[in-house]
Amino acid sequence: MKTKTTKKTIKKAAKKIKKPSKRKIKKTAKKSRPKKPIKASDHGLIFAKTKKETTEKEDAELANAKAKTKKRRETRSSDPTQIYLRELGFQPLLNAKEELKIARRVHKGDPKARKQMIEANLRLVVKIARHYVNRGLPFLDLIEEGNLGLLTAVEKFDPERGFRFSTYATWWIRQTIERAIMNQSRTVRLPIHVIKELNVYLRTAKKLTQEVDHEATPEDVAHLIDKPVQEIRRIMDLAPSATSIDVPISEDGQKSLVDTLADDNNIDPARLIQNVDLQDHIERWLAQLDERHREVVILRFGLHENEKGTLEAVGKAVGLTRERVRQIQIDALQQLRHILEMEGVTGEEVED
């Protein structure tokens, strides 16, 4: 009896519970559906990006980026400088032991070792050449000139002196690059010692012109730098070729050839006009010295269009210590003095 009564009670309670209408079920279903993308209207609503639209735009941007990258690579691949630098990246560097071993083979005349030593140091040339960019020569020309200095260094390097080759080669590389800038950046070729003399005159004349109301005269310049007026007039005869000194040589026009010349105010330059016969005599006198003494004299006193070198710089160039260069210089000058005496030539005659 109790069981039947309980069932009847449950049925009555169930009937009292209201079932949701079909209309309410539909409304609930509509609310649970995902919202559709908002459409743009004339009132400036933002477009809702669908997944498909976003993917298409990203693909287009990626394709555009790839095209630009490909174009840059093609440009780099056709650039001679980039090609050369990329090739250098594959050249192995030498450690101290390898360098010493190969340098000894070069000293004995091994052509394969010579090639290996050159190729291993081409990057050193590029590194040094970068310091001379925008000074009148293209970058590849600077590298080419530096490579000539590297060849000279390889030929002259003595591995038994205790120097690293890079230290020795740097001097020769810089020397050839600087000489090329002086020689090739001019419309008229002049010897290095003449350019230096001309440099002193130009700087002095420019300074005087700024201080006085008229253009500096040879007498003004001669008085200021303590030189004979006649010598200054000889410099003025070079005026047609000297005018190119102030021509801008950098791309931005901020640097002229005169800016690339060293300031030699503290150096007593060689005479501008040297007698041809005297030059011949000097060559003959130098030829009577041995190779090492002759090389030290040439580098120390700036002969053969070289710059005057300090004892330390010459020592690096020939692979000797500073003191040893000084000793060789003294000995070489004594030999030259003896040669002059044997020919009856005095120091005063040479100076005149």
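Positions of Cβ are set from backbone N, Cα and C atoms, glycine also.
For the DNA-binding region (311-330), the list of distant contacts is 156-158, 161, 163, 167-168, 170-172, 175, 292-293, 295-297, 299-300: same-chain residues at least six beyond its ends, Cβ to Cβ under 8 Å. According to Swiss-Prot, the feature DNA-binding region maps to 311-330.
Positions annotated as compositional bias 'Basic residues' by Swiss-Prot: 1-38.
The region 'Disordered' feature in Swiss-Prot is assigned to 1-78.
Residues annotated as region 'Sigma-70 factor domain-1' in Swiss-Prot: 79-112. Counting only same-chain residues 6+ beyond the ends of the region 'Sigma-70 factor domain-1' (79-112), those with a CB under 8 A from a CB of the stretch are 119-120, 122-123, 126, 139-140, 143, 154, 157-159, 164-165.
Residues annotated as region 'Sigma-70 factor domain-2' in Swiss-Prot, with sequence analysis given as evidence: 117-187.
The annotation region 'Sigma-70 factor domain-3' is assigned in Swiss-Prot to 197-272 on the grounds of sequence analysis.
Look at Swiss-Prot and you will find 285-338 tagged as region 'Sigma-70 factor domain-4', backed by sequence analysis.
Long-range Cβ contacts of the motif 'Interaction with polymerase core subunit RpoC' (141-144) within its own chain (Cβ-Cβ under 8 Å, at least 6 residues beyond either end) map to 84, 125-126, 129, 132-133, 177, 180, 184. For 141-144, the entry in Swiss-Prot reads motif 'Interaction with polymerase core subunit RpoC'.
Counted with DSSP, the region 'Sigma-70 factor domain-1' (79-112) comes out as 23 helix, 0 strand, 11 coil.
Sorting the region 'Sigma-70 factor domain-2' (117-187) by DSSP state (H, G, I as helix; E, B as strand; all else coil) yields 56 helix, 0 strand, 15 coil. Secondary structure of the region 'Sigma-70 factor domain-4' (285-338) per DSSP (helix as H, G, I; strand as E, B; remaining residues coil): 39 helix, 0 strand, 15 coil.
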